């Protein structure tokens, strides 16, 4: 109601706003609305309206035109929405909306509609309605504008509802990766429209993509390589217009593979010395460490693994040599680091070299023999030279210096320059030793010149603690005196740190950091002096000692004597030639000059001369100069060339003041450059700074040179700076991870000045920029579960540092098959084991430096073969099982399975309920039996007489007096169906006769019938060996005769005289037809017994014992039984005498199972009298051949119908003592006469009642023994039978139905009514032509029952009828009469004349 009021108010407001804006528009709107109505119904238009015939169109009228088209909308459920539509036309068109072709009802037309049509024509939805089953607002809408001139339609606009379900189709799962590995978290969002957008959150922070590392594609969160900081809780977020959904949190666990902080190193120790291998690792989770020896066991008793995981071995011996490996592993990965141990004996001299003095041109040899373990290597070195002489290596073309394989040094044709100390060194892995000897040359002197330094000290980089020799070999005459100074400080000979030898060599035994600096060798004599400068500096840890020379490694030989070619006042031009015997190539030349006018020393006047000719400028005029030339090579300066001849410059001008010819060179030599510590600015970039001391006015620029440290032969890379004031520069493009040596040299007008000591700086490492080379994958030893991955290091230019380790991945087609390993930097292969056979793997290798992991190699595919005894089927099935498991875990499958199980459970419950209900409905069928006779009309050919067909010879055909619903015996396919049946399947339920006798009385009657005679002329044929009779078989011990020729004849005629009013046969209808036995009724019915065979047993009636506990159970109906009537007189029944029995066997009464009324018992008879059913003779009764007497005067019913067509009285027939067997008919209903006294007790053996199991839930299909007895044929005479047929045939169906009204007659005690009230002349007796005395009718004619024929039933329904009425149980004293289920008892009794009299047997 509230919603309706809101809609109404909204409509009113909209309409009021429209009126306020434009009243004329409202009138036009009204006009348009009326026009649209008229367009829809032309009868509404006034006569002559132009919209009827189109002949009167206004000059300004126009057809509608859509000017604003409705757009496509996607809206959220529950939100308002508007589909705009505006149209033009005159008169103003009316707007209508259509959805999917159907007109849309708005609130203007239907107050219940939730859509509103706005004055502008727009369709307004206050709230979009959308559900799982009902989606009324979603669809395709069309706006139609109409006036009398026509209509215009808009475009089709779709309105879609945004939907976003709650459940994610796949929620992200926890992921565990190692640092550096890729990680993928998958998420499939819930279904929605529009398709939801997927984003990710870490905690509460939205993730953003990082180029090259974090990518979000299709709901997947992909990380190319993970960091430790990536660990955390991640959520998948799906959003669209309908809202936002967050998945459950998934954890990303980033573990760290073991990595070494300190690795074990290779160690060489002497025997009996201890050794310690360090190993320190980190990882997450904390790795476990253990040690192993690759080629043996750890030395027992001498090793110890300390708390810091280091391996300590004491007193090592040669047996301990080998490789020791530290193994660290955790759940993420495994890492190994190895160190080797070597135990050696240091080398020792066997023969040492001795000093020798020879003349120039002679040959000389120095012996040097050593020993050690392993054997040491021997090499020679001339003191002060960097050249090493190894065995079998010729250093000069003529081979003057040669070392033999035994270590002997041989010098041929000794020259003056060969003099000096020669050092023999023996080196092995255990250590090194050396010894030296002096070679002196006789007659080598120069007179009148300052000392000449033949070989001076070289610049050296030394390791702290090492020994160093600084040679200073000088010639001169007189013999010069050699002195040393360090950093401009003279060294004294008594200094314990420095040892000044006799030949001028300075020896420093164990150099310390304080010993580093500038050293100068000064040779002085009386004529002059000579100076040679050099420096020493500390070698850093990264430094490397120079290796053996691979080519000529000695300095170039001395050039030839320089020759003066041109002389001026200020310059001299010199020419020389290189030494042809030099083993090394001269790269440049240095020119030295001496002039007594300039001083008493040799000075360098030119440096870096590239050609063999040079012009020395800046000389003083008219001055004598001497020159010598030195060659410069990769291994240092050569010895000086022979001194040139003296040369004097020209005299230019006597007035010009004399100038110092060495002023420029001397000034640059005094400029000192001091380097500062370089600064790393970035990758591959270094800033170099320096300071300048001395005469800076002579400096015109600087030369900055650098090279990779450890390569003394490496070339320098130079950068010239032309600015004298710039004292810093930036070096770019430096190799990563390398140690760089840098030096600075000043530049002036006269050339280059002194060099600065070089400094060393490390360039930061970078991750390798190139992948490892030659990656290959080979199958392992087992060839189906392991592979070996091998590789080579990256190219040197791509390493960018020292390779510390390699990362190797072996990736399967799923993340759970991924494996990874790490290997040391020196390793070249690794083996993966435990792989799955048949799986395809990709192998990748990446090198790593301290800066990180570099570029991985291209994947190399390898597929492991299946084992020989295995096939790929299990693998495929395993994969299929895994895929099925994934499908089973999907929410959609679980929801569908739950729905299916629920539907099955619901169906099962419904079936169970229906079955229970049917059981309840059929519960009375389980313990009851009934039959409903129906009217049948015979065919003439079936009733023509005894000659055309046997009297009972229906054969396999059905009985015409039985309803079609009565089960018939089996027939052959050729048997014909009985014709003339009426109402075969739907008998009138009102035409049933109910017997209220309880089950207890029924059982009691059955027990009494076991040894009693029958109750009337109704016969019961029971197969004593039938299946259903086994229940009651114990109650008939006298029926155990095995004679197959005997028949059972019973039911004396005295019992047939009871009036119908005294026969209260009551019944109940069977639920369904049941199967008939294979035996037909004509085969089972015996001829009627004579009346003389019956006798009356006497004795008081005895109440059945144990009946109360059986009242709720009803046994199955016997296979074939006939209704039994009770006698109406108080006379006792007479048992048949054997002598009066016309039958071949004696007949004994057997209680009919079709009645529930107790009957007098029969006296015990011999068991041989009762044959089994299958032993009875199949005799055909003949027609009547002797006069018959009917036991009752009237044969028609009270309704005027012949006997057999109505519920008339039961007749009793007596067979005459004729040898020809007679036939008898039975009444259609079962009647009995109940006396006022108790039923006489049974005589003889009490029938033992066998209780039938109660386990049967219901009985739809009854066995042959469950059938109620069929009615016997009606009595007839030759003259009365046609009449009976005519009466039956002349009745209409309506009359027959009326004749079927139920009449339940109360049993009246004997003597309670006068005989005349009980019996009287039957109104139809004359019609049938029957005499008052009893007569016999021929037996064998079929009886035709009316449609309303009564039935008898045993019931266990929860009513009084289940326990029986007083009358059905028998009255006891004051017990009243039985109940009546039909019309009044008085009316029923008044219509029946009293016929109760006792018939004596004839």
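Note: Cβ is positioned from N, Cα and C throughout, glycine not excepted.
Taken verbatim from Swiss-Prot:
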- 25: N-linked glycosylation site (CARBOHYD)
- 34: N-linked glycosylation site (CARBOHYD)
- 53: N-linked glycosylation site (CARBOHYD)
- 156: N-linked glycosylation site (CARBOHYD)
- 166-253: domain 'Ig-like C2-type 2' (DOMAIN)
- 355: N-linked glycosylation site (CARBOHYD)
- 363: N-linked glycosylation site (CARBOHYD)
- 410: N-linked glycosylation site (CARBOHYD)
- 450-531: domain 'Ig-like C2-type 5' (DOMAIN)
- 459: N-linked glycosylation site (CARBOHYD)
- 503: N-linked glycosylation site (CARBOHYD)
- 646-655: compositional bias 'Polar residues' (COMPBIAS)
- 784: N-linked glycosylation site (CARBOHYD)
- 813: N-linked glycosylation site (CARBOHYD)
- 820: N-linked glycosylation site (CARBOHYD)
- 892-912: transmembrane segment (TRANSMEM)
- 1038-1049: compositional bias 'Polar residues' (COMPBIAS)
- 1142-1152: compositional bias 'Polar residues' (COMPBIAS)
- 1158-1169: compositional bias 'Pro residues' (COMPBIAS)
- 1263: phosphoserine (MOD_RES)
- 1294-1304: compositional bias 'Basic and acidic residues' (COMPBIAS)
- 1346-1357: compositional bias 'Polar residues' (COMPBIAS)
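Long-range contacts of the transmembrane segment (892-912) within its own chain (CB-CB distance under 8 A, at least 6 residues past either end) are made by residues 169. Here the domain 'Ig-like C2-type 2' (166-253) has, by DSSP, the following mix of helix, strand and coil residues: 3 helix, 45 strand, 40 coil. Cβ-based neighbour count (10 Å, all protein chains) for residue 156 (N-linked glycosylation site) stands at 15. If you measure from the Cα atom of residue 459 (N-linked glycosylation site) to that of residue 410 (N-linked glycosylation site), you get 28 Å. According to DSSP, the secondary structure content of the domain 'Ig-like C2-type 5' (450-531) in residues is 3 helix, 39 strand, 40 coil. When the alpha carbons of residue 820 (N-linked glycosylation site) and residue 410 (N-linked glycosylation site) are compared, the span between them is 59 angstrom.
Recorded residues residue 813 (N-linked glycosylation site) and residue 355 (N-linked glycosylation site) have their alpha carbons 77 Å apart, per Cα-Cα distance. Close to residue 410 (N-linked glycosylation site), meaning Cα to Cα within 10 A, are the following glycosylation sites out of 156, 355, 363, 503, 784: 363. Around the Cβ of residue 503 (N-linked glycosylation site), the number of neighbouring Cβ atoms within 10 Å comes to 17.
By neighbour count, meaning other C-beta atoms within 10 Å, the densest spot among the glycosylation sites 355, 459 is 459. When Cβ atoms from all protein chains are considered, those within 10 Å of residue 813 (N-linked glycosylation site) total 12, not counting its own.
Take the glycosylation sites 363, 410, 784, 820: by the count of other Cβ atoms within 10 Å of each Cβ, the lowest one is 363. Take the Cα of residue 156 (N-linked glycosylation site) and measure to each of the glycosylation sites 355, 363, 784: the nearest one is 784. Closest to residue 503 (N-linked glycosylation site) by Cα-Cα distance, out of the glycosylation sites 355, 363, 784, is 355.
Straight-line distance linking the Cα atoms of residue 784 (N-linked glycosylation site) and residue 363 (N-linked glycosylation site), rounded to a whole number, equals 71 Å.
Distance from the CA of residue 363 (N-linked glycosylation site) to the CA of residue 355 (N-linked glycosylation site) is 14 Å. In the three-state DSSP assignment, the secondary structure recorded for residue 820 (N-linked glycosylation site) is strand. Mean pLDDT across the domain 'Ig-like C2-type 2' (166-253) comes to 92 in this model. In the three-state DSSP scheme, residue 355 (N-linked glycosylation site) falls into the coil class.
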